[in-house]
Amino acid sequence: MEPIRLNTIEEAIADFKEGNFVIVVDDEDRENEGDFIIAAEKITPEKVNFMLTHGRGVLCAPITEERCAELELDMQVSSNTSIYETPFTVTVDLLEGCTTGVSMHDRAMTIRALADPKTKPADLGRPGHINPLRARSRGVLRRAGHTEASVDLAKLAGLYPAAALIEIINEDGTMARLPQLVEVARRFGLKIISIKDLIAYRLQMESIVDRGVEVDMPTQFGHFRLIPFRQKSNGMEHIALIKGTWDTDEPILVRVHSSCMTGDIFGSCRCECGEQLHKAMEMIEAAGKGVIVYMNQEGRGIGLMNKIAAYKLQEEGYDTVDANLHLGFDADERDYGVGAQILREIGVKKMKLMTNNPVKRIGLEAYGLEITENVGIEIKPNPYNERYLKTKKDRMGHTLHFNK
């Protein structure tokens, strides 16, 4: 059986710019689906009909966060608990020139209106028949989803940053997977690409971090080298702690650790962060080679003030997930794209990832890094963090083993 070959990102961009559909597939560990995607400004009633006839999924229109704000499009819910946190806003219809909003003509008009800078909030009726999606800033380098891939393709093609997408479903009602998606692309003469390749293309074309000078860093856990990095988008500073050298294709121990001031510095018993960090350093020292990327992403990305507010909610009975949601955040707000580029910058291609968190594995693999092994880094619970760890196991899918 011949290996499946996808198109290059350059080929897809050229077709997208001409107003053609592109099929975009994501990681098999994520949604494992493919979508028809087209630039919003290129949509027509005929193309909407094609999407609904041959895609059969939910017709959506990804737009930027800024465009959502301009059009005063609120999110459908304040706390998004869907599996992949699909960022639906309120649904809309264009008011002028449309009737019920459901016809192919009306849906095309509404999608094009979302990509028209002249469209104002009052021009859109709510609810409607089009589902706008709010793409995260920095696109697939922030979130490896079809929503962000759509807006990225529009930007790379020099078009207005808005698109239309729909999931591709087989005639029997099952989700189309890669072999079927390749056949769909062949049947309709379309380009097909992966989000992973789009991420790799952007990482190759763009630099999102600045690298500082390298210094020796002797610690109580071993002798390391330290390199600071500054994130270009917001000035946040991160650290790579490096031990030894390795061959290009050699898998090494890697820990991507989000900063935890309370645990890492003060030894808080409310979490296991400090103990995990120190155990990772000990394991890398024993192995003679490896990397810890220390990310400035306090409280799973919500910041110290909000993390302490979440602690207060936990004292009132909320678990760690519901506390974040109550404060208006996702359960995990971390940005794995920055950590991935730091790893690539220091020459890591393959890794034995030290984590109990399956989302971290998916997040890093989406950025073109190969994880050859998952190395658990479990810490014995104490009376102060047992409920917290149980929530991470039960609600966030962490691989943890301890008695109730």
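Glycine residues also receive a Cβ, built from the backbone N, Cα and C atoms like all the rest.
Feature annotation from Swiss-Prot assigns region 'DHBP synthase' to 1-204. Sequence annotations record features per position, and here Swiss-Prot assigns D-ribulose 5-phosphate binding site to R30, E31, D35, R143, A144, G145, H146, T147, E167 based on sequence analysis. Here Swiss-Prot flags E31, H146 as Mg(2+) 2 binding site. Annotated Mg(2+) 1 binding site per Swiss-Prot: E31, in sequence order, evidence recorded as sequence analysis. The region 'GTP cyclohydrolase II' annotation in Swiss-Prot covers 205-404. Marked as GTP binding site by Swiss-Prot on the basis of sequence analysis: R255, V256, H257, S258, S259, Q276, E298, G299, R300, T320, T355, K360. Look at Swiss-Prot and you will find C260, C271, C273 tagged as Zn(2+) binding site. Residues or ranges marked as active site, proton acceptor in Swiss-Prot (evidence: sequence analysis): D332. The active site, nucleophile annotation in Swiss-Prot covers R334, and the record cites sequence analysis as its basis.
Features as recorded by Swiss-Prot, highlighted on the structure.
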residue : record                              : CB count, 10 Å
H146    : D-ribulose 5-phosphate binding site : 28
R255    : GTP binding site                    : 25
S259    : GTP binding site                    : 19
C260    : Zn(2+) binding site                 : 23
C273    : Zn(2+) binding site                 : 20
E298    : GTP binding site                    : 19
R300    : GTP binding site                    : 22
D332    : active site, proton acceptor        : 19
R334    : active site, nucleophile            : 20
T355    : GTP binding site                    : 22
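Neighbour counts were taken as the number of other C-beta atoms within 10 angstroms of each residue's C-beta; across the binding-site residues A144, C271, the minimum falls on C271. This prediction places the mean pLDDT of the region 'DHBP synthase' (1-204) at 93. Here the binding-site residues are D35, E167, and the one with the most other Cβ atoms within 10 Å of its Cβ is D35.
Across the residues annotated as binding GTP (R255, V256, H257, S258, S259, Q276, E298, G299, R300, T320, T355, K360), the two Cα atoms farthest apart lie 22 Å from each other. D332 (active site, proton acceptor) has its Cα within 10 Å of the Cα of these binding-site residues: R300, taken from E167, C271, C273, E298, R300, T355.
Nearest neighbour of C260 (Zn(2+) binding site) by Cα distance, taken over the binding-site residues A144, H146, E167: A144. Annotation for H257 (GTP binding site): same-chain Cβ neighbours under 8 Å, separated by at least 6 residues, are C273, Q276, L277, A280, I292, V293, Y294, M295.
With respect to their backbone Cα atoms, R300 (GTP binding site) and R334 (active site, nucleophile) stand 5 Å from each other. If you take the CA of E298 (GTP binding site) and look 10 A around it, you hit none of the binding-site residues from D35, H146, E167, C271. Of the chain residues outside the Zn(2+) site list C260, C271, C273, T262, G263, D264, S268, R270, E272, G274, Q276 have their Cβ within 8 Å of the site's Cβ mean position. In the three-state DSSP assignment, the secondary structure recorded for T355 (GTP binding site) is coil. Mapped onto three states, the DSSP output places R255 (GTP binding site) in strand. Comparing C-alpha positions, E167 (D-ribulose 5-phosphate binding site) sits nearest to R334 among the recorded positions R255, S259, C271, R334. Among the binding-site residues listed here, namely A144, H146, C271, C271 has its C-alpha nearest to that of T355 (GTP binding site).
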